[in-house]
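Feature annotations, reproduced from TrEMBL:
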DOMAIN    A:125-408  domain 'NADH:quinone oxidoreductase/Mrp antiporter transmembrane'
TRANSMEM  A:6-22  transmembrane segment
TRANSMEM  A:31-50  transmembrane segment
TRANSMEM  A:70-95  transmembrane segment
TRANSMEM  A:107-124  transmembrane segment
TRANSMEM  A:130-148  transmembrane segment
TRANSMEM  A:160-182  transmembrane segment
TRANSMEM  A:202-227  transmembrane segment
TRANSMEM  A:239-261  transmembrane segment
TRANSMEM  A:273-291  transmembrane segment
TRANSMEM  A:298-319  transmembrane segment
TRANSMEM  A:325-345  transmembrane segment
TRANSMEM  A:404-426  transmembrane segment
Amino acid sequence: MNAHAPILPILIPFAAALLQMATDRLAFQRIVGLLTTALLVVVTAWLVLLADDGVLRVYALGDWPAPFGIVLVVDRLAAGMTLLTAVLGFLALLYASAGFDARGRHFHPLFQFQLVGLSGAFLTGDLFNLFVFFEVMLLASYALLAHGGGLARTRAGISYVVLNLVGSALFLIALGLLYGTLGTLNLADLASRLPLAGHDQALARLAFALLIAVFVLKAGLLPLSFWLPPTYTAAGAPVAALFAIMTKVGIVAILRVQAIALTPAIPDLLDRWLTTLALATVVFAALGVLAAARLRALAAWLVLLSAATLLITPAQASAPVDAAALYYLVQSTLAGAAFFLLAGVIADQRGGASDYFKAGPQPAIWVKIAFLILATTVAGLPPFSGFVGKLMLLTTLRAVSSGTAIWVAIWVVLLASSFIVMIALARDGCLLIWEHEALAGQPPAEGIAWQRATATLLLVAAGPLLALFARPLADYAERAANQLHTPGAYVAGVLAPTAAKNGGEEAR
Amino acid sequence: MEDLLAIAVAVLTACGVFLILRARTFPVLLGLTLLSYAVNLFLFASGRLRLGAPPLIRAGASYTDPLPQALVLTAIVIGFGMTAYLAMLALRALAESGSDHVDTAKERCQERSKDPR
């Protein structure tokens with residue numbers, strides 16, 4: 001059983017989707033979806049416990065050894081990310097089960113396919129397979145984005161789909177260049193061949209640059225980030241909550257490619273431009289937060305802000321920074337998702353005023369308290385996890401920076417953006433929570449279904465909980481980052497079974 | 001033959017990019033299709049061009065690299081599915097807004113959509 005553990009995070013949602021497609025009955029689909037996603041949380045938590053022994057688990061699909069077959073590779077980072085996906089998926093699905101899933105057809109199978117794509121993208125050790133899982137994830141996300149209907153979603157969907165199709169084309173060009181120059185698409189094999197002579201260095205460099213460009217498109221780096229806020233604003237609350245992790249797929253892919261293939265062979269590829277553009281994106285997103293007209297839009301800009309903050313880290317190529325980035329990634333993903341769900345709850349309670357920043361009916365008292373906790377977390381104020389994450393990021397960035405000017409610039413931009421976010425949240429929170437105005441001719445606010453309340457409150461509680469358990473989580477992140485930054489062990493772990501086999505056969 | 005293929009890829013890419021930058025959904029769709037043709041040819045060429053060699057590895061016989069052909073097949077299937085979905089989405093936008101422009105009619109867009117939650 002342990003031997004087959006790496007493929008379970010892909011198989012479980014896939015089986016659930018097939019089961020759900022057998023019938024159109026919503027109650028059946030809901031039960032299957034919730035049960036399997038809960039099972040996914042348990043299995044991925046077990047995978048994290050397994051992976052924490054530091055041994056690289058390589059799963060050869062169809063038992064074709066790497067580099068000839070496709071492998072799934074479970075290290076601490078991949079296991080942790082699948083657990084985060086599962087937790088987020090379960091809570092978003094719980095929220096959606098209160099009626100959102102009935103607004104269109106096939107919500108549940110699409111949701112499970114999205115989970116398949118996300119888990120696969122984190123687990124795979126082959127770049128073409130990464131492309132395939134990206135497409136699985138994107139295809140499900142296109143349909144989920146349009147779920148619920150409405151012209152705003154269709155409009156946002158068109159630009160989102162076109163942009164990602166162009167991104168896929170670039171991805172394929174990068175893969176073609178890599179295969180043409182290095183003759184392999186397995187990440188470990190690429191890393192082992194890159195430092196050797198006998199291939200066109202410039203072409204390999206170009207291929208990796210294209211690959212990074214595709215990843216930053218998914219993560220929303222500045223010249224490529226204009227699609228993100230309108231898309232995430234248009235999506236329904238639970239869908240947007242699940243999308244909060246999609247920007248992180250690009251970031252994890254950059255961290256992995258950078259640590260395993262680029263640092264040993266092409267260490268200067270990300271220098272200078274990535275950090276500068278990431279800082280520009282932070283400024284852009286902070287201004288967007290200030291300009292947002294409704295809570296959902298504000299949450300979308302916050303997702304962009306956290307992705308931009310994380311994009312500062314890959315160019316540093318240091319394990320302590322990546323450890324801080326992983327902690328920040330977990331807490332910012334959960335907080336961003338919580339914001340979308342809370343915006344949905346507030347919009348439900350305020351009737352015609354929806355989640356626009358204007359006077360309207362007041363939300364319930366627990367919603368107000370949840371908003372306060374969440375806003376404190378997101379703005380990076382103590383005592384919640386946003387503060388811990390930002391503190392770790394700032395201290396480690398200072399420690400590794402080569403010059404004073406660099407870390408001062410990063411500190412100024414990050415702290416100023418936090419300040420802007422705090423001002424925006426204080427202003428908009430006052431409008432949402434205190435400015436009371438009964439709307440004439442409006443029905444009284446509907447009660448909130450228990451599924452929505454539970455999902456929202458659990459996600460909001462992540463802020464205090466992650467601060468309370470910051471030590472074990474940060475330790476795990478540190479171990480994950482250290483494992484990520486030993487590319488030799490990764491390459492040996494993936495390719496060793498083949499080498500041993502060949503050696504044995506030659507000996508015979 | 002390499003030159004011919006390179007020129008074909010270049011022309012397809014140029015036409016594709018030009019069409020993607022148009023403002024109406026149908027040319028954009030065509031542009032994406034042309035771009036995916038260019039990408040597929042490019043992927044195919046990454047295994048080197050060889051004449052009269054089957055993609056089957058047999059001892060002693062000459063063969064061509066079968067992997068890029070498998071990659072191209074996967075890329076074609078995925079690209080086809082995506083394009084079909086985009087066509088449906090464009091048709092729906094046309095039906096809902098009465099315009100096939102990619103991003104105009106924002107006011108009408110806000111007016112006509114009933115703010116779905």
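Note: Cβ is positioned from N, Cα and C throughout, glycine not excepted.
In TrEMBL, annotation is done automatically, which means it is predicted and not curated.
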Could you tell me whether the transmembrane segment (A:239-261) and the transmembrane segment (A:107-124) have 3+ CB pairs under 8 A, leaving out pairs under 6 positions apart?
yes
Using Cβ distances below 8 Å and needing 3 or more such pairs, separated by at least 6 in sequence, tell me whether the transmembrane segment (A:273-291) contacts the transmembrane segment (A:70-95).
no
Considering the transmembrane segment (A:325-345), which listed stretch of A:70-95, A:130-148, A:160-182, A:202-227, A:404-426 counts the most C-beta pairs under 8 Å:
A:70-95
For the transmembrane segment (A:202-227), could you work out the same-chain residues 6 or more beyond its ends whose Cβ comes under 8 Å from its Cβ atoms?
127, 134, 159-160, 163-164, 167, 170-171, 173-175, 177-178, 180-182, 194, 246-251, 253-254, 257, 261-262, 266, 269-270, 274, 277-278, 280-281, 284-285, 304, 307-308, 310-311
Same-chain residue ranges lying at least 6 outside the transmembrane segment (A:6-22) that approach it to Cβ under 8 Å:
28-29, 32-33, 36-37, 39-40, 43-44, 47, 57-59, 61, 72-74, 82, 85-86, 89, 106, 108-109, 112-113, 115-116, 119-120, 123
